[in-house]
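Feature annotations, courtesy of TrEMBL:
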REGION    1-26  region 'Disordered'
COMPBIAS  13-24  compositional bias 'Polar residues'
DOMAIN    28-416  domain 'Kinesin motor'
BINDING   Gly108, Val109, Thr110, Gly111, Ser112, Gly113, Lys114, Thr115  ATP binding site
COILED    482-593  coiled coil
Amino acid sequence: MKRNDENMDSNEDCSLNSESSSVPSKDPVQVFCRLRTLPEDCQSCVKLISPTTLTLTASSKIGRKEYNYVFKHIFTSYARQRQVFEHVALPLLEDLIKGKNGLLLTYGVTGSGKTYTLTGEPSMPGIMPLCINTLFNSIADYQAQKFLIKSDRMNGFEVQGENDALKDRLLEVKMSTTKMKTVKRGGGDVKNNYENDGTKLRCVNENNLYAVFISYTEIYNNTVYDLLDETSGKVLQAKIIREDSQKRMYINGVVEVEVKSAADAFELFCTGQKRKRMGHTVLNADSSRSHSTFNIRVVQLQKDRSQLMMGQLSLVDLAGSERCSRTQNTGMRLKEASSINNSLMSLRTCLEILRENQLNDANKLVPYRDSRLTLLFKNYFEGEGNIRMIVCINPSIEDCEENLQVLKFAEMTQDVKIPKAESGYTTYKYKTPSKTTKQTPSIQAPATSKIKKVAPFGPKIPSVKLNMENPQENIVVLDSLIKVLHARRQKRERNRQELTKRERHFRKHLLHVHQESVLNKSEIRRLKALLKKEKQTNQKLNIKITDLETSNENFSANTKELQDTIRTLQNTIDEKNMKINQNRLEREKAKQKFALQSEMMSQELDDKLRKQRARLHAAMLAKEAKIQKVKEVLESDAMFACASKQEVEAPVQSEIKIVQETTSSATTVPARRHRRSRSAGEVWLEHNAIKPVALGTVLQPSMKKRKSVSKLKKASDVTNPRQNKYCLLAQEADAGGELETKLYKGDIVPTCGGGAQVIFNDVECLRQESPTGTRAPSTPSRK
Ligand SMILES: Nc1ncnc2c1ncn2[C@@H]1O[C@H](COP(=O)(O)OP(=O)(O)OP(=O)(O)O)[C@@H](O)[C@H]1O
C-alpha cells in the first residue's frame with residue numbers, strides 16, 4: 001500500500017514534470033506566523049482577525065496606524081508545539097522520507113520564541129525532537145546496518161561491503177570504549193528525554209534500508225563552524241562552503257554522524273548545543289548569537305542495492321534581529337548583533353531580488369555570496385526543495401516597530417516562488433564493494449600475485465613392494481626408487497635455490513617498500529606540517545577577513561550615521577536659512593512700514609508745524625501790532641518825559657521795589673524752536689526809548705555784548721544773525737502818576753522766510769513810589 005502511494009507520488013511528479021517541461025512549475029515559500037505568550041502586564045500590539053490574518057497597530061508621532069498581514073496560518077499563543085509541528089514540519093518530514101529536500105527557517109526579533117519553536121523543552125518538545133522521534137518511530141524496523149552507507153565527505157554517500165562495515169563498527173566500539181575510559185561523562189546533562197508519543201509516518205518504503213545522518217553547524221560572525229567537530233578541540237575551526245559536482249552547496253569536511261536511534265540524535269544535538277554560541281542580552285537571557293542548522297539526511301538503499309536515494313531536512317534557527325538601541329549591546333555582542341543583522345539583511349536582499357526577477361521577468365544577479373547564510377541555502381532558493389518559514393512574533397508593544405519590519409519581510413517572502421525540485425529523489429550510483437573487502441582481512445604479501453606457482457617436489461614416490469623371494473627384482477625397484485628420490489632431492493635443491501632467490505627478491509622488495517614508506521611517512525609529516533601551517537594561515541586570514549568585514553560594516557554603519565547627521569544638519573541649516581530669509585523679508589516689510597509711517601508722521605508734523613507757524617506768525621503779528629502800539633506810546637511819552645526830566649532827576653528818597661515778572665517761556669514758546677547760535681555768548685539788541693528817564697544805578701540789566709538802538713529803522717536791526725537776545729525798555733506813568741519802567745526781554749528766533757521773530761519770555765518791571773504816597777498825581781514816581 002505504501003509502495004503504491006509512493007509510486008503514485010512519483011507518477012504525480014512525473015506528470016507534473018512533463019506538463020511543465022518548458023516552464024518549470026513553482027511553489028511559493030510558505031510562511032507561518034506564531035505569536036508568543038505575553039506576560040499579563042504587557043500590552044499587545046497584535047490583534048488576530050482570522051486564522052490567517054492579523055493586524056498590527058503601530059503608534060508613532062503622527063498617530064496610530066494599522067497594518068494587516070496574511071499568512072498561510074497563524075498560531076496563537078495558545079497553540080501547542082505538536083500543532084505547529086503537524087502543520088509546518090510534518091509535510092516536510094514526509095517529503096524527507098520520500099527523498100525530497102526541505103528547509104525550515106524560524107525568523108523573528110530576538111526573544112520572540114524561535115528556539116522555543118524549533119527545540120522546545122523536554123515536556124514540550126519542539127519541531128526538531130518531534131521530527132527525530134517521528135522519523136525513528138517510522139523507520140526503526142527498516143534501518144540499514146551501521147556504516148553500510150557511508151558519507152564520502154563530499155556531500156555524497158557510498159555503500160561499502162559488509163566486512164568494511166563490520167570493521168568500522170568494531171573500530172567505533174573500540175573508540176567509544178577508549179573514550180569512556182578517558183572521558184568522564186556526566187550522563188545527566190544529555191537531554192534525550194524528549195517526550196515521544198509514538199507518531200509514525202505512513203509513507204515509509206518497507207523494501208528499502210534507511211540510514212539517518214545528522215550534522216549540526218552554525219554561522220557565527222559570517223563564519224561557518226561545525227558543532228560536532230571534535231577534532232579541533234575547544235576552539236572550533238572555520239569551515240568552507242563548497243560546491244559539489246552537481247553544483248550543490250555543502251560544508252567541506254563537515255562531520256556527519258550516522259544515528260540509529262532518536263536518543264543518539266538528541267545526544268548529538270546536546271553536544272552541539274554546548275558549543276553553540278549563546279549569550280545573555282538585555283532582551284533574552286539565552287539568546288542565540290549565531291544561525292544554527294540542524295541537518296537531518298535520510299539515505300535509502302534499495303533492496304537490490306542498486307541505488308541510493310537521499311533526502312535532506314535543514315532546520316534553521318536564525319539568530320534574532322535586534323536594534324542596538326534596545327539591546328544596549330557593546331563590544332563583542334555589538335559585533336555579533338551587527339553580523340546577525342547583516343546576514344539577515346542579505347537574506348532579505350536575496351529574496352527581494354528573487355521576487356523582483358519573478359515579477360519583472362528579469363534576470364538580476366542574486367547576491368547569494370554576500371553572506372554565508374544565503375550561500376549555504378542557495379540551492380533551496382533555486383529549487384532544490386521546499387522552503388517553509390515560521391515568523392515568530394512577540395506581540396509586546398515594545399517590539400512593535402521591529403515586528404513591523406519582520407512582518408513586512410515575511411509578507412514579501414510569501415511572494416517568492418521557488419521552482420519545484422525536478423525529481424523528489426537524488427540518486428547516487430551504488431559503489432560496488434572492492435574485491436579486497438570480499439576477502440577475509442588476512443595479511444597478504446604484496447608480490448603474491450606475481451609469484452609463479454611453486455613446482456611439486458619432483459616425481460611422485462612410487463609405492464615400493466619388496467619381493468623377498470626374488471631379490472634381483474627388488475634391486476631394480478630400489479634403483480628406480482633411488483632415482484626418484486635423487487630427482488626429488490635435486491628438485492628440492494632447485495626449489496630451495498628458487499626460494500632463496502625469491503626470498504632475496506622479496507626482501508629487496510620489502511626493503512624498497514619500507515624505504516618508500518619511510519619516505520612517504522616523512523613526506524606525509526612534511527605535508528601535514530605544511531597543511532597545519534596553511535590551516536593556521538587560513539584561520540588567521542579568516543579571522544582577519546571577519547575583522548575586516550566587521551570593521552567595514554561598522555565603517556559603513558558609521559558612514560551611514562554620519563550621512564544621516566549631515567542630512568539632518570543640512571535640513572537644520574536649510575530651515576535656519578529659511579527663517580533668516582523670512583526675518584529679512586519681515587524686517588524689509590517693517591522698514592517699509594516704518595518709512596511709510598515716518599513719512600506720514602513727518603507730513604503730519606509738517607502740517608502741524610505749518611499750522612503752528614501760521615499761529616505764531618499771527619501771534620507775532622499781533623505782538624508786533626502791540627509793540628507798534630507800545631512804540632507809539634513810548635514816542636508820545638517821550639515828550640512827557642522831557643518835561644518831567646527835572647523832576648525825575650532830583651534825588652528822591654524812595655523805596656525801590658523791583659518786581660520781576662517772569663513768564664514761563666514754556667507756556668508761550670513751542671517746544672521745537674530754532675534759536676540763534678549762542679556760541680559767542682548772548683548778544684543783546686537793546687531797544688531803548690528815545691529819551692528814557694534816567695534811572696540812576698537801579699535796573700541795569702547785565703548785557704555784556706549789546707547793540708543799543710532807540711528806533712528799529714531797518715529789518716537787519718533784528719535779523720542780524722549775531723544777535724540772539726532782544727530787550728525793549730518802556731516807561732510809562734501809571735494811573736497814580738507814578739513812573740513805571742518795564743524791560744521786555746525775549747529771544748530772537750529766525751523765521752523760515754529768512755526774517756526773525758522775537759519771542760518775549762521775560763518782563764522786568766521797575767516801579768518808583770513815594771514813601772509818603774502824597775505825591776501829586778501829575779508827578780511821575782518810580783516803581
Ligand atoms: N510560545 C511560547 N510559549 C511559552 N514560552 C515561550 C514561547 N515562545 C518563547 N517562549 C519563551 O521565551 C523565551 C525566549 O524565547 P527564545 O529563546 O526561543 O527566543 P529566540 O527568538 O530564540 O531569541 P534569540 O533570537 O535571542 O535567540 C524563552 O524563555 C522561551 O521559553
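Keep in mind that glycine also has a Cβ here, set from the backbone N, Cα and C atoms.
All protein chains shown were included, and the count of other CB atoms within 10 Å of the CB of Gly111 (ATP binding site) stands at 23. The 6 Å Cβ screen around ligand 1 retains Gly111, Ser112, Gly113, Lys114 from the binding-site residues Val109, Gly111, Ser112, Gly113, Lys114, ordered by sequence position. Around Gly113 (ATP binding site), the C-beta neighbours below 8 angstroms that are at least 6 residues distant in the chain are Arg34, Arg36, Cys392, Asn394. Cβ neighbours of Ser112 (ATP binding site) (same chain, under 8 Å, six or more residues apart in sequence): Arg36, Gly320, Cys392, Ile393, Asn394, Asp399, Val406. Under DSSP, Gly108 (ATP binding site) is assigned to a strand (E or B) in the three-state scheme. Cβ environment of Gly108 (ATP binding site): Lys114, Leu318, Gly320, Ser321, Val391, Cys392, Ile393, Asn394, Val406 lie under 8 Å away, each six or more residues apart in the same chain.
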